[in-house]
Each structure stands twice: as C-alpha cells, then as structure tokens.
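Peer 1: What follows is a single structure, and I will ask about it in a moment.
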Amino acid sequence: MNALEITGLCKTYRGKRQKIVKALSSLDLTIAPGEIFGFLGPNGAGKSTTIKILMGLIQPTGGTAKIFGTPVINSASRQRLGYLPENPSFLDFMTAREYLAFVGRAFSMHKSDVKKETDRVLELLALEGAANRAIRHYSKGMIQRLGLAQVLLHDPDIYILDEPMSGLDPIGRALVKDILRDLKSRGKTVFFSTHITSDVEIICDRVGIIVNGNLMAVDHVQSILQSGIEGYVIQLVRDKMVTEEVFVEKERLKSFISDLSASDVEIERIEPKRKDIEKFFLDIVAKGEYVAVE
Amino acid sequence: MKLKAIFLILLISYGAVVVPFTDYLRNRPVAVKLGYTPDARILKIASADHCSLVAQLAIVKVLFYYGTIVEKFTKKIDLPVEHHNMFKTVNTALKLDPYNMDAYYFTQAAFTWEVGRVREVNAVLDYGMKYRTWDYYLPFFAGFNSAYFLKDYRKAAQYMKNAAELSGDPLFTKLAARYFYESGQNQLGILFLETMRKGSKDKKIQSMYEIREKALKAVSLLEDAVVRFERERKCRPSDLSELVAANILTEIPVDPYGGKFYLAEDGKVRTTSKFAFGGKEK
Amino acid sequence: MATFVNLLSANFRSILRDRIFLAILIVALLFFLLVPSFSLFSMRQVQELAVTLCLSTISLLLLLVSVLQGASSVWRDVEKRYTSSLLGLPVSRATFVVAKFAGIAVTLVCCTMLLGALALPAISISAAQYPSDIPIHWMNIIGAIGMDCLKYILLSAVALFLSTVSTSFFFPFFGSVAIFFAGSASQEVIEYISGDYGKSLTPAAKLVINIVYYLLPNFSAFNLKVAAIYGLPFPFKGALYTFLYFIVYTSILLCLSVWSFTRRELP
C-alpha cells in the first residue's frame, strides 16, 4: 500500500470579481512507504494548498487523496500521521508539557508512554528548560521546535511537514536535518514542502517541483544530480610548478585524459561540474513547461 | 449524509415539540407573563443614563399586560389579576422617571375603580405633582379620587382649585363646586369618565372607560329608579326586581363586568362583580 | 469519545485560564457577599429582593460568559490557526465543534452550580433578617436557576453557530446579543399581534412575524424567576416542554454549526 496516493487533485478558488483562480490542477503523485519526498516550489505555487487538502483543512474541487489507503476526508487517516503546519500555532494557554500530553491523548497513547515520549522529544528538541512555561511566551523558533516535538511524539509512520526549517536558526536547521535522516533510517515516510533547494539535495530521495499549481517534475534526487553533470574541471600541474585549471566537457573526458597521458602534465584533481538542484529548479520554473517524469 | 439525516430528524422533533410548547406559553398564567421588575434602585444604577427608556419599557410592559386582561375579560376568560405586581412595576417606573405621564394616567385608570387602592394612587399623584408642576391632570385625578372615593371634599376642593389654576379651564372650577354636594356622585363619575375617555388614545384604556361608564350609567339608572320607587310607595324596595314589577323599569340592566346588581342594606345599588374584572371569584 | 473528552477538557481549561472570564466570575462572587446587606434596601420584601438579586446576578454572569465565550470560539481558533494544529490530529470537524460547545456548556453548568451553591446561603441569611409571609420555595429557586442555565447554554449555541460562519468577533457577539433580546421578546410580540393590534396588520406582515417567532429561540419560556420569587406553584409541565424544546433547538444549532464548519476552508 502506498503511504500517500494523490490522483487528479484539483482546487479552484473564486477570486475577486468572480475570477476563477486555479490553485492546483490535476495533481497525481504517489509516495511509497519509507520515502523522503521533497515538495519544491516558489511561493504561491500550490505547496500549502496540496498539504492542506491532505490534512482535510480544505476540500479539493476534484480528485482524491489517500493516506495509507484511507481517504483524507476521514479523520482516521491522520491516526498514523504527524503534521507540522506552516508557521504553526498551538493552544497557547497550555505549557509545552500539557500540550504534548494533550496530543498524546488525541492519538490514544498510553499514559506512561506519553510521559516517556514527552521527555524524549523535549530533550531531542532542546525544550526541557521551557517545558513548563506557557506556549504564549515562546519565541518563533521555540514554537517551531515544539511543532516538531508534537509531530514526533507518537512515532507516526508518515510525516507531513510544511516548511519545517522556517523560523529556525542554523543549529535548529541542523537538528531538523538530523531528525529527518534518523526518520529515513527507521523507514518512515516524510513528505515535506520547502523552497530551499539545498535542503532537498541533502535529505530527499525524490523531489517534486510544483509551479503555478502544476506538478512540473518528479524525479530521484540522485538521477537529477547524475544527469546534471555537464563536464569536469581538471586541475593540472605542469613541470611540478605551474597549476592550471581546464574545463572539459562530459563527452571529451576520456579522450582528454588519454591525450594527457602522453604529456608530462599531472592531474591533480578532477571535479564534476554539474547543474545542482537549484539550477534544475530554476530551469523548470523558467521554462514553465511540463518535463516528462520517471 | 449522516448529518443530513440527523438534521431532518431534529427538524421533525422541533415541529413536534414546538406545538405543545408554544401552546403552553400562550396559556401561561398572566402573573407569570408580567414578569418581575427589579427594584428601582438597582434598575436606576443598571440603566445608567437610559432611565427614562427603561421606565417607559416597564410601562409598556404593564399596559400590554393590562390589555391582555381586558381582552381575556371580553372573551369571558377568568384569570386572577396581578394588581399588586402591576402597581409595583408602575411605581418602579415612576421612581426611574418621575415625569412619565403614561404611568400616572395608567395608575389613575387601573387602580382606583376596580382595585380600590385610592390612597396609594393619590400618594403616587402627590409624588408626581412635585415633578410635573405644570400638569393639571394630576390634581384633577387626585381631586376626583378624594371626592368620589374618599369623600374628602375639603381636600378635593384644594386639588380642583390647583387644577383650575393650572389649566385655566372653567370646567374644573365647576367640578370643584360640585364636590361639595354629596348627591350626584354617579353623575360626577360619568362626567369624569367621559373626560378621561376622550383624553386617551389607547384603545384598551378607552374600552375600559367605556365599560366603566356603562356600569355607572346602569347604577345611576337603578338608583334613580329606587328614589322614584321610594317617592311613589313611601317605602324602600326590598329587591331590585320590584322596580320592574312596579313598572318603573322595563328590565334590570346588565352589569358589563359580568356580575349581578343588587340592593345593598344602605340603600345603594351594588353588584356581585364589585366593578372589577375577574371580581366574581373573590 | 476519548478524543471528544480530551478536546472538551482542553476547551474547558482554556476558559478557566481566560482572564476576562475570571474577572467576571470574581465580581459575581463578591456581589454575593453583598446580597444580605443590599436586600435590606427593600422595606417590605427583603426575602424577595434577596432572591431577585441572586437570580439576576447568576443570569447576568451566565449571559456574559455564554455570549463572550460563544462569540469568541470557532472563528478565533481559525484566526489563531489553532484549527490547523488541532485538526491535524485525528479529530473530525464535528467532534471539534461539538467539543467546543460542550466546553462552554460545562463552564456554564459549573458557574451555575458554584453561584447557585452561594445563592442559597445568601438567601437564607437575608430572609432570616426579616422573615417574609411567603415561605421560601427552595425547589422553585433551584428550578429557576437550572432553567436559567439551560437558557444560556442555548444562547451559547447560538453564539457558537454565528462564530462558525464569521471571521470576526463582532458578528457573533452582536448577533447573539440581538437574538437574545429578540428571543426574549418574541413571545410578547406574538401575543400582542394576536390581539386587537394584529387586526390592523396585513396577512403578509403577520406571516413574517409568525415565521420569525418560530425561527427565533424562545428565551422567555426559560424565565421561571417569578415563580421562584413569589413562591408560585412550579410549572412542571411547562418546564418539561421547555426542556424538550431546549434539547431539540440546541441540537439543531449544533447540526448547523457542524455543517457550516465542515464546509469552511481553513488557513
């Protein structure tokens, strides 16, 4: 069974003067269990709309979405799921500990488990010190970390995270990356949206790029990186003194090296020069047209 | 879909409940309907600078309630009347707004004839005269009450003199003069009622005065007949039916309050209804 | 069910930690201390005044709590984006709305019990100072307080419904206050037009007034204060009808609230 299955998902709004705005047009996407999927797109591309439909917060105009086979209309679809909203906000009269206890009960966790897991996630996200303070006194970064804590609390099988890195300082970002890697190693499914390409490059198995409500590309990060190699920068040392750099195109590498073996030039380093995800992403946004997937 | 089904069931239940529910409300005892008005001191604080509005609302409530009594009476429904509560409510309104003429007018109309709380009414009118210093109606009411009900002709003359001075109307002077005669009580009452009826715009008050006038005219007719009987036969009739037997009257008039006229021991004509709505029960 | 209770207790706790709520409650409690001395204002009916003061204080507190809490419920959770974190849990929208309502209702019941428990000694003390010729009918007083509580639970359901369609405080607040006044007066109006005055109305106007009468919640039915103050016989049959009416009307409002909230798009 797929962890996430989206078929033909559409969303149109009525904007000003009855103008129809297409926020999402016919989105198809499946995510297998154990996958880390990055959902990349510029601001206003439809990332949040998709996630809100997955969470049942807004209703799609057409199409269906299922989480582990349960339609998202049904609140039971969220039983095995952890959700972190974009710029989250939690019942701010509670303390972090109270809120986590509340979340634990919402997932029907056992009382002793709630206690144990609360301590674990609070420690993991470095919130122990503030655990007994009301959330309304938290800073933005602390709220974001609490958001991650409540996601991790009941150890769900699928994680839907809307911009998990936003509002975090570099230490927090590194922490989130560690957490995501850990989830990956434990075979959990993660679906997260971002507009930061480097995050995707480091963490994700696959990436989907959405522009203006259209899913433009879905591919494995590794194959994008592979196919993106344009050539190599070769550092040469001539006469053991002078160092020079040469750019060699991908196809010419072999012949270049064989040519070189005849001379007395030594190769000090060969570096692939490739299009990174950012380039890939920017190209797609610029082209604005559909790229064949998979 | 489940929600729609539940909603449908609820709508049907609403229909089923609302019929006996509204039925019950419509037939609730009137006392409950007038409701309770909090003490004037509390209301005065609570209503801040809307005292007159709150007072007027209380009056409207009483008038409205009173209207239902008159209506129920004409439909021959007997219900105990909460006079005490009405009087209290009107008083509260007057404490909030001592200038409210509706309240004085209503007090005079509702609590003298039927309820007989004349002294209380005059106290209210005295209170009003301190505020409505220009108004001749209040001394006129008080004067009438003193003469007609309390038989205090000296006081009545004072009140009427006040009314005459304030209004400049010779009618009051004439009225003042008439109070010195004990006879002609009924004529005086009828004259008063006519004046009051013409001065009112409220249909319910008008109809109340009409009923009262009718009763009074009947009493006047009967008492005149009794006097004629005494003159002709040199003795008192033992029963009103003798008046018909003696061909002085063709029939005994009907008491518009639903009671029966009878001849009291002091020679006055009275009625079992005591000239009050719902008076039969007492 | 466990989810419902969990949410309900969270909502209840949120009200208990609301400063405005606490301020109102404290003022009401202080007022009860003053009832025995205030009721001496009345010369002829100390006991009646004490009963009135207690019942009115309870009414006023419940009115404020039901309107303020009801009117600031659902739209505020949407605006503060609590809904996105709460509905991200396995919580259906129907559960969310009903738990919200139940939180307010439980608060109202607790307030009623607390103030009711204080009202009874306050009335006894006042009545002992100047015994009245009317005996105190404790059951009537308790009945009137209970009916009052039901009335304001119904009002909070009205406010909650309005808050599910609103995006600000003003509409549900003023809307529920207006409905409260209209619903308290509708019975008098309908009786007025069924009398003489009604004859001068066109049938169309009469029809409209009748429709409005049946649409509005009838709050005057819940008023049993006079029976409590003057010790009139307690209208058991009427109270039963009113209770049934309360159940049905409140359920309809909750249904509408769930329906409107389910259709709502959340940020």
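Along the chain as shown, residues are numbered 1 onward.
Each residue, glycine too, has its Cβ placed from N, Cα and C.
In case it's useful when we look at the structure, here is the feature table from TrEMBL:
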TRANSMEM  C:20-41  transmembrane segment
TRANSMEM  C:53-75  transmembrane segment
TRANSMEM  C:95-120  transmembrane segment
TRANSMEM  C:141-163  transmembrane segment
TRANSMEM  C:169-190  transmembrane segment
TRANSMEM  C:211-232  transmembrane segment
TRANSMEM  C:238-261  transmembrane segment
Peer 1: So, does the transmembrane segment (C:95-120) come close enough to the transmembrane segment (C:20-41) to give 3+ Cβ pairs below 8 Å, pairs being at least 6 apart in sequence?
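Peer 2: In contact, yes.
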Peer 1: Please tell me whether the transmembrane segment (C:238-261) and the transmembrane segment (C:169-190) touch - that is, whether there are at least 3 C-beta pairs under 8 Å between them, with each pair 6 or more apart in sequence.
Peer 2: no
Peer 1: Quick test of the contact rule: Cβ under 8 Å, at least six residues beyond the ends. What residues does that give for the transmembrane segment (C:211-232)?
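Peer 2: Distant Cβ neighbours of the transmembrane segment (C:211-232) are 48, 51-52, 55, 134-137, 140-141, 143-145, 147-148, 150-151, 154-155, 158, 179-180, 182-190, 238-239, 241-242, 245-246, 249.
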Peer 1: Can you name the far-off residues of the same chain, 6+ from the ends of the transmembrane segment (C:169-190), with a Cβ under 8 Å from a Cβ of it?
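Peer 2: Sequence-distant neighbours of the transmembrane segment (C:169-190): 63, 67-68, 70-72, 75-76, 155, 158-160, 162-163, 209-210, 212-213, 216-221, 223.
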